[in-house]
Amino acid sequence: MSENLPPVQTQSQDPDQEHDHDHEALTSPLLPHYQRASNSTSQLAIVGVNVCPIESLDYETAENDFYKQDWRARDKIQNFQYIFMKWLLCFLIGCFVSVVGFCNNLAVENIAGVKFVITSNMMLTGRYEMAFLVFFLSNLVLTLFAAIITTFISPAAAGSGIPEVKAYLNGVDAPGIISLRTLIVKIIGSISAVSSSLLVGKAGPMMHIGACIASLLGQGGSRRYGLTWKWIRLFKNDRDRRDLVTCGSAAGIAAAFRAPVGGVLFALEEMASWWTSGLLWRAFFTTAVVAIILRALIDVCLSGKCGLFGKGGLIMFDVYSANISYHMADVPPVLLLGVVGGIFGSLYNFLLDKVLRVYAIINKKSVTYKIFIACTISIFTSCLLFGLPWLASCQPCPLDSTEDCPTIGRSGNYKKFQCPPGHYNDLASLIFNTNDDAIRNLFSKNTDAEFQHSTMLIFFVTCFILSIISYGVVAPAGLFVPVIVTGASYGRFVGMLFSSRTNLNHGLFAVLGAASFLGGSMRMTVSLCVIILELTNNLLLLPMIMIVLLVSKTVADAFNGNIYDLIMKAKGFPYLEAHVEPYMRQLTVADVVTGPLQVCHGNEKVGNIVHILKTTNHQGFPVIDEPPHSESPVLYGLILRAHLITLLKKRVFLRTPVRIGADAFRHFSADEFAKKGLGNVDKIEDIKLTEEEMEMFLDLHPFTNASPYTVVETMSLAKASTLFREVGLRHLLVIPKRTTGSPVVGILTRHDFMPEHVLGLHPLLQTRRNKLTHVRVTRSSTGLLNSTGRREVKISLSKIPKA
């Protein structure tokens, strides 16, 4: 929603700025029609693999008379219930997420274990063709199953889920992101996809699973299933759900890596756009519950009751060395790793972004194409994983090995594959294995002589390619584990090159390589550092990991952005960044709002309300009092679309335009204005009114937020954007600088701060970005109106002086 003045007239864009269609498809957002209609606050974005309409969340509290009366009526017991339920829900989130994470890992390891045992037994008898057929078909069936349930049941479950949840915590509401259906498909699909030997991870899906569990617990119950406990209904608002989802995302990372502190820091550094000390305490409590329950479940597995691979697949890499020490000679290789990680990480982000755009173009054709791509990637992966080990030569088993050599049909450092007795295939030990066990082998200590240089190069190139092309399949797929295994491979290779000049063993170099690639791709520092330390259980690595992360992030930032930010931008999520674009300081809020503006009166005719709701998709409307109800037109506040529909459903109409007074509190309850559960949004089309009712009136005053956030029309767009993001707003009213005329100029929504919208209104600002020119926007104190009635903005260009 926007102001009643038409869009600003600007000069047309230069011809040299136009690009051909093919190039634009690989560089612009994936949605070809990203621009919204002028009468709608909604937009389209790719959620999972499908294009869906999205809205913003109402993080602001609607402080109307009804809300104030409800809070005044609450006693100390109800306030205690509210606080107690926050902590109880955090405890339940930790319990459920830890159990799901444990079962998820356990299922992956056992399904993959059965596959590798059967294949290895066939290879022992020389039935190599049949072994390949079993390996190939099992991977294909698992991938096909994951793709089918994702495509037909919950397309929002595709991918890692981190970009979607990050956008949700920023205030973007997309259908199905954190629904029960998405949760079920995410769990089953993740198990199937990871077990199919696709180079995808389970950390991202686990984070998404945690967010779904947290949201479902805080939905406020379900009337359909009889879960309407009043205590739970206290959280039927976006603000409390956001806090629970933040705790759930932290619990998901903690469950995936058994890294409770790392999970909290990940949610703080990467996911959350809004953070308080109280939320920090609850997130820490949630991850502590996860750590305790996982410890108890792991003890059960250590007794041999968890199937083939024994430890539930939980990642815990032992690279501890009591004799580790650092010297100046060790610093250059570590710095080199940081630089290499930054370059490879930025290249990885660039290629992955392009591949996802190609997949999106193919996926929009039909469902068949989505499943066909997934099956094609599975076939290609199976051929590589089974065929590449034949290129490696067999190595004799080391005499001082602490493990069985060769290992047959189970996890271990020395895979026999096709080798004769007493020998092992070092490439098969990495490729013909689960991702977690490949990382364990790369991180393992006292194995400096295990792998050849050619093996590490082949494995690195294979992982780099497979991780890029596998992420875009229509199935739950994470990026953490693929990035770790790829970085560990080139890290160990660098360690092999510098083995004669450093005291660090190859396993430590693999850890540092994984850290460098994580920093270069995901651009996090503190959370990744702690996660890696908790993964490896080696605090002595802290200085080296810090150096590697800082160097890799610095190098990579010179090329492109965070991988998750790139994915969000490509999918069209209107994510508000913490920093503003420089050109926003040269524009005012009046330069970006567009009309027409729809308003309601304090005592509005029912027919007018129905007409406004049916002809627009706006989610909020200014409420204005005019004579004779006030001396002059005055802005009373803002009322939400959902609240108007609730009022129409109750049919508490008045025959004359008068105040309803205290009767409002008798006809309505607070629960009726609470946030609806997923998929339970009321629609104006479902309300049938008679002609007599259409001529009656509604008093909107008790239900209008009388203290909405407002900004004067001359405020800079940069300041307004900062306010909008920091407070977590959905609507920001723009009021005139002079009191004459209408008391409200327009409404700013999330879309008005998006660079695509701003640059669409002012193309010359794009020229400045491309040609390093300086744009100065000037306006007289009263504003200039041209002959067509449009506000005219003068834009002058001048070269930026050299520093």
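Any Cβ shown, glycine's included, is placed from N, Cα and C.
Automatic, uncurated: that is what TrEMBL annotation is.
Range annotated as transmembrane segment by TrEMBL, chosen from 309-328, 709-728: 309-328. For the transmembrane segment (244-267), the most Cβ-contacting stretch among 128-158, 279-297, 457-486, 539-559 is 279-297 (pairs under 8 Å). Using a cut-off of 8 Å between Cβ atoms, the transmembrane segment (178-200) and the transmembrane segment (371-392) share at least three residue pairs, counting only pairs 6 or more apart in sequence. Across the domain 'CBS' (703-764), DSSP classifies residues as 25 helix, 12 strand, 25 coil. Taking Cβ pairs closer than 8 Å, the transmembrane segment (457-486) reaches residues 49, 143, 146-147, 150-151, 155, 157-162, 185-186, 189-190, 192-193, 198-206, 208, 256, 344, 348, 351-352, 355-356, 359, 363, 370-371, 373-374, 377, 380-381, 384, 388, 391-392, 427, 430-431, 435-436, 438-439, 442, 493, 514, 517-518, 521-522, 563 in its own chain, all 6 or more past its ends.
Looking just at the domain 'CBS' (703-764), the mean pLDDT is 89. Sequence-distant contacts of the transmembrane segment (371-392), counting only residues of its own chain at least 6 positions beyond either end whose CB sits under 8 Å from a CB of the stretch, comprise 132, 135-136, 139-140, 142-144, 146-148, 151, 196-199, 359, 362-363, 415, 417-418, 425-428, 431-432, 452, 454-455, 458, 462, 466, 469-470, 472-475.
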